[in-house]
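What TrEMBL says about this protein:
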SIGNAL    1-20  signal peptide
DOMAIN    23-217  domain 'Albumin'
DISULFID  CYS104-CYS116  disulfide bond
DISULFID  CYS150-CYS195  disulfide bond
DOMAIN    218-410  domain 'Albumin'
DISULFID  CYS231-CYS277  disulfide bond
DISULFID  CYS276-CYS284  disulfide bond
BINDING   ASP280  Ca(2+) binding site
BINDING   ASP280  Zn(2+) binding site
DISULFID  CYS309-CYS320  disulfide bond
DISULFID  CYS347-CYS392  disulfide bond
DISULFID  CYS391-CYS400  disulfide bond
DOMAIN    411-608  domain 'Albumin'
DISULFID  CYS423-CYS469  disulfide bond
DISULFID  CYS468-CYS479  disulfide bond
DISULFID  CYS492-CYS508  disulfide bond
DISULFID  CYS507-CYS518  disulfide bond
DISULFID  CYS545-CYS590  disulfide bond
Amino acid sequence: MDWRAVISLLVLLSLAVATALPRSSQDTEDKSSIGQRFSQLQEDNFKAIALVMFAQYVQGGTFGQAVRMAAEVTALAKRCAAAATRDNLDCQKPLDRIFLDTICQEENLPRVANCCARKDPDRNDCFLSLKNSSRGSIAPFERPNAEAACRNHSQHPQASTGHFIYEVSRRHPFLSAPAILSAALRHQEMMQSCCGSAEEPAASPEECFRRQVPKVVKPVKEDGLRQEHTCGILQKFGERTFQALKLVQISQKFPKAAFAAVQKLVLDITAMYKDCCQGDMLACMHHREEILHYVCTNQDNLSSKIKKCCEKPLLQRGECLVNVENDARPAELSPQVREFIEDKGICERFAQEKDTHLARFLYEYSRRHPEFSAQMLLRIGKGYEELLKECCRAGAPDNCCSRGEEELKKHIYETETVMKTSCDIYREKGDYYFQNELLVSFTKKMPQLTSAELIKFTKQMTTIGSKCCQLSQDKLLPCAEENLDLVLGEICRRHQLEPINPGVCHCCSSSYSFRRPCMGKLDTDESYVPLPLTPGLFTFHEELCTTEEEKLQHMKQEMLINLIKYKPQLRQEQLSSITAAFTAMREQCCTEEQRQACFTREGPELIQRSEKLLSA
């Protein structure tokens, strides 16, 4: 298989073909047969997408098994595309059933027997439940040995790219095929750049790989997390919340778009994610391309900012539109939406068409406020809904709705104050000490997390501070809260896999838009049983004298976490005293010739003094 041809064909795949694709293999009318899909996509494209799907469905399968299954289903598709065999019963099966049948007929695949014993649609749900994108389920990407990688690429360029597609797909089982194939293009460009050719080999491939691998892998990880995060919102909080979120985001991005156009995009994007999140990759791609076609053929009515995106190749177009800046707010828009409070007919409209009325409020408010985060706008929408429920009941006072404006101002002030205070602390303390503040807070809230998890999540939050706190006030809230939402989503997915505690459970389950304020209000987990003081809990050794600042900071953060887990009620003044005593001990021991002997002598004394301090 010529993988370069596969990827190039997908880039150039006609939008006219895309709009001819049926919506889903599960539609009851006008189903798309495997033969039709093969004819529309052509052989190389069909086989590439099949490889992605098999690697995502059976993450523990080998590359050879994935290639063999992709070849088998492509051969069937090719036969079914021929006029003489279109009426064959195998050719009339829904695509998802054909793919799952192929998996269940393949020998020696891990963890499939239980799912294969079930009947559809339970069988598909079972396979989807096996998809695991958590770290550790598959070994992370490693920088390739330069010599071996270049030799393999030179001798087997097609297999090299195919193997990369397989490895990315099984590590990111929810990632869309276009995102994976875009990564394959970057991988191929890296191989060509770092390896050169047989006639002109590159000068230092090892150094080239060191620089280039992160550029290939990082976008894949980010796309995978974003996809999983979005699917998590849809699956956990349902279509109504998901559609409200998309309504806000589209209204902010396309403020001049009519309400009807925004509604259409919301419904189309929801339908796309329902298929994408279920793993129906072909239907997912169809929806995506149909949405791109609609946006780019109606750009004059949607946004002045998307022209360059619509001129890009198909694979790059979607990513460009997602990241494009918000269009300018139309000059004729009034600064406020008082008609939703003062109009005498609001209660009647709320009673007759509740969701449409609330959607119109969200649309009008969001297009006027690009400086607010999507999550904050959803909270404002929820507040408006609660206001109408109270003020539209019989016996409510005439001025009931007027208090909504005061509540709104209060919430906006509280949210902006939280973000401003966090940024003030970040600017004052810098990355390391700001992360330490977060570590103390989150270890108390979630002591069940491992040290590695706590360090990872607080590091991500610190990165958000460095990214967002330098922005102007009108950009701060969207940057901070929307990026923080990704981290909190990852924490909540971790909770789903292995419950953390009742407080986290409540915040992750009760309300999507209030998830961040809920997490912020969590206090020390009272249900947690502190770690006992064992000889191995605090160990001091000469590695603490390292001159590698990052390594030293990591060791100190691990000790800080253990200290909090040992004494969750630790007060700030106690922590400051213990930190000062530790710093003095480290400075003393690192200047002595017998460093380890010093730590062995002074360490237990430090623990004993700290114990007295903590029990005071």
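Cβ coordinates are placed from backbone N, Cα and C, and glycine is handled just like the others.
Structural mapping of features recorded in TrEMBL.
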| residue | record | CB count, 10 Å |
| --- | --- | --- |
| CYS116 | disulfide bond | 16 |
| CYS231 | disulfide bond | 19 |
| CYS276 | disulfide bond | 23 |
| CYS320 | disulfide bond | 16 |
| CYS391 | disulfide bond | 20 |
| CYS400 | disulfide bond | 15 |
| CYS479 | disulfide bond | 17 |
| CYS508 | disulfide bond | 24 |
| CYS518 | disulfide bond | 18 |
| CYS590 | disulfide bond | 15 |
Other C-beta atoms that fall within 10 angstroms of the C-beta of CYS468 (disulfide bond): 22
Rounded inter-Cα distance in Å - CYS276 (disulfide bond), CYS347 (disulfide bond): 38
Rounded to the nearest Å - Cα separation of CYS479 (disulfide bond) and CYS469 (disulfide bond): 9
Cα distance (Å, whole number) from CYS507 (disulfide bond) to CYS116 (disulfide bond): 36
Shortest C-alpha distance to CYS392 (disulfide bond) - which of the disulfide-bonded residues CYS195, CYS277, CYS284, CYS423: CYS277
PLDDT averaged over the residues of the domain 'Albumin' (23-217): 84
CYS195, CYS231, CYS391, CYS423, CYS468, CYS590 screened against CYS507 (disulfide bond), Cα within 10 Å - retained disulfide-bonded residues: none
Between CYS545 (disulfide bond) and CYS508 (disulfide bond): CA-CA distance (Å): 41
Cα-nearest neighbour of CYS468 (disulfide bond) within the listed disulfide-bonded residues, CYS284, CYS400, CYS423, CYS492, CYS545: CYS423
Nearest of the disulfide-bonded residues (CYS104, CYS400, CYS469, CYS545) to CYS518 (disulfide bond) - Cα to Cα: CYS469
Under 8 Å by Cβ from CYS284 (disulfide bond), same chain, sequence gap 6 or more: SER176, ALA177, MET272, ASP275, CYS276
Nonlocal neighbours by CB distance (under 8 Å) for CYS492 (disulfide bond), same chain, sequence gap 6 or more: GLY232, LYS236, VAL504, CYS507, CYS508, ARG515
For the disulfide-bonded residues CYS104, CYS150, CYS277, CYS392, CYS423, the one whose C-beta sees the most other C-beta atoms within 10 angstroms: CYS150
Which listed residue (CYS195, CYS545) has most other Cβ within 10 Å, given these are disulfide-bonded residues: CYS195
Close disulfide-bonded residues near CYS391 (disulfide bond), where close means Cα within 10 Å, chosen from CYS104, CYS195, CYS320, CYS347, CYS423, CYS469: CYS347
Spatially closest candidate among CYS104, CYS150, CYS231, CYS277, CYS469, the listed disulfide-bonded residues, to CYS347 (disulfide bond) (Cα to Cα): CYS231
